[in-house]
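TrEMBL lists B:21-42, B:291-316, B:337-363, B:375-398 with the feature transmembrane segment. Per TrEMBL, domain 'MacB-like periplasmic core' is recorded for B:21-256. Under the heading region 'Disordered', TrEMBL lists B:65-86. If you look up TrEMBL, you'll see B:68-79 marked as compositional bias 'Gly residues'. As annotated by TrEMBL, domain 'ABC3 transporter permease C-terminal' applies to B:297-407.
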Amino acid sequence: MSHPVLRVENLVKEYGEGDATVRALRGVTLDVEKGDYVAIMGASGSGKSTLMNILGCLDVPSAGRYLIDGVDVGDLGEHQLAVLRNRKIGFVFQSFNLIPRMSALANVELPLTYGGVGSAARRERALAALEQVGLSDRVHHDPNQLSGGQQQRVAVARALVTAPAMLLADEPTGNLDTSSTRDVLDIFDRLSVSGRTIVIITHEDDVAAHAKRVIRLVDGRIIEDRRQSPVDGPPPRTSEADRPQATVVGRPPTTSEADRPLAPVDGSPPRTSEAVL
Amino acid sequence: MNPLEILRFALKGLVANKLRSALTTLGILIGVAAVILLVAVGEGSSQSITQNIQRLGANTLTISSSTTGGGGFPGGGAGRSNSGPRTQARQLTLADAKALTDRAQLPSVTTVSPIVTASSATATFEGASHSIAQLVGTYPSYFEAANKPVAQGQYFVNADVSAARKIVVIGRTVAENLFGAQDPIGKAVTISGVPFTVVGVLKESGSSGMQDADDVAIAPLPAVQQSLTGFGSLSQILVQATSAEAATTAQAEITAVLNQLHGIPATGTADFRILNQATLQETVSAATGTFTVLLGAVAAISLLVGGIGITNIMLVTVTERTREIGIRKAIGAPRGAILGQFLLEATLLSLVGGLSGVAIAVIGAQFTIAGIEPVIVPSSIVLALGVSVGIGLFFGSYPANRAAKLRPIQALRHE
Ligand SMILES: Nc1ncnc2c1ncn2[C@@H]1O[C@H](COP(=O)(O)OP(=O)(O)OP(=O)(O)O)[C@@H](O)[C@H]1O
Ligand SMILES: [Mg+2]
């Protein structure tokens, strides 16, 4: 049997010491298969970012194991970790985290530079990644000359450019308006269709509705793990990608079909019945 | 990853903060330039002093009588009983000078010039009057031994000495004061009431210190003795050794001969004193060496201050860019690349500062500073550059290392 892309076992993360100890994660166990599209939800302070930082090898857990492709990350040295972050993980931050005074192109090239890719190939791949996120006309702009949505798309391009096995995104749409959110989510849907493993954190049900699987955290524990569509299929929203527009246009609310776009109102996503594990 | 890429990042980092980089560079520049220039000034003054001494001739020895030695000293008691009654230190005589010309006993001595001096002899010429600071009566060999070449006219010769001819070679100051624009050669001057004929004018030697070395007149020994000082003792005997290295040997030979002549036992205290130019020179070089070291130390402190400036700037830079470091690490920058980037930034700062400091020092050394022509000491360049780059590496490595060691999330959370 092949290893899951991600496996965490009994992950615990504590901040601080003594009385001031905050237990951000209290034993999280989770497998993510290749090609899955997971949304992590939960109240503020429930430990989502803490979990994500550990998944992205940006932080180390207080206890528990974390395996990527069957390799225990805790056994890796500093340099191997750097290579792992560079090759296998694409991380998108809620706050973009682009390097200031560096053009969009240079920002996207950066992971390739650290990966040792030659300058010509680097440029080509960075331009391709920027085109993928629809920013071909903004490649020479500095981050402070770009809108929030554009900056986030640059950040996504930077995460994609090394063709990592998984894409981790911490509230990638948290700072964006609806149309920018849709741009970014469309990109994620397309990546999911092409077989990339994606984990995103979100507060919004609309965003979570794009995922194949939704995990809910409360106080550092997983309390719900719900599948919305099969791992090897397309993400749930792609097949109906034009539905929001259809709603705007005004589809006659006749059949039972018409209820489906309205279904998210009560917070339960579409296809709930098929997806719950 | 490619070291060139790291260099590119470092350069970008420096250019992103031009003013700060420039000011830091300036600190190192001043430090390096100060070290090189001050050492050069020290070396220049030391060399000019040495040259001044050498102008007297490094191979000359000056013998003068000593009042503390001989019969006046208890240690000399034995000598007194051996050599008959003697209550006073013996003065130097022409006989002493003659004895020193014995090549067999004194192989290291080339010339011996007995000297009598009369100070403040008044010279007059057609109403003009001048008090000559130093009137010297001596032999022709004095001109070479004391390094006093004649610029105009001629020297007097041995025949003039034998004939006790009343002729005189005068210094530039004397010539100007007595004759003004006139040509002094062949003119008769009256020195302390005795008429002398001017045969030559000395080359201007420039005033060295308080004494005007050009306020001098030189005449044959017997002429001065006859008319001014009387045929008593000599003031000094100027001896030239075969070479500067032989000066010490010559000193020993002279001591032996004079001790014998003056009847002083080997254990007694001599009644004469020998001033060795070579020894004097060593003493003075040691003193100027200390001076140079002192200047260098002052400059080194300014270099150190420049180094602390680099450390400070690197600390600020690293702290300010901790978030950026976090981003770079999050997208897979290995520790070496981060460390390399910041170390290279620090090294570039100090290297650019150091090299421009060298350039400025080299340019500055072309000018005369406080009357001294600086002489650049190559080792000071190597040292100053080495120290400045060393400082960059050493002080830059601390903040850079601290930054590179951070976990990505720690760096990203940094405010
Ligand atoms: N560096 C830290 N030091 C101390 N406590 C921390 C630290 N980071 C997070 N915490 C605490 O850990 C808990 C989980 O934080 P985390 O950032 O994972 O929450 P979150 O689920 O991402 O919240 P949000 O939705 O608001 O981003 C919180 O109680 C928080 O106060
Ligand atoms: Mg969070």
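Keep in mind that glycine also has a Cβ here, set from the backbone N, Cα and C atoms.
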Candidates B:21-42, B:291-316, B:337-363; stretch with most C-beta pairs under 8 Å toward the transmembrane segment (B:375-398): B:337-363
DSSP residue counts for the domain 'ABC3 transporter permease C-terminal' (B:297-407), split into helix, strand and coil: 91 helix, 2 strand, 18 coil
Stretch-averaged pLDDT - the domain 'MacB-like periplasmic core' (B:21-256): 79
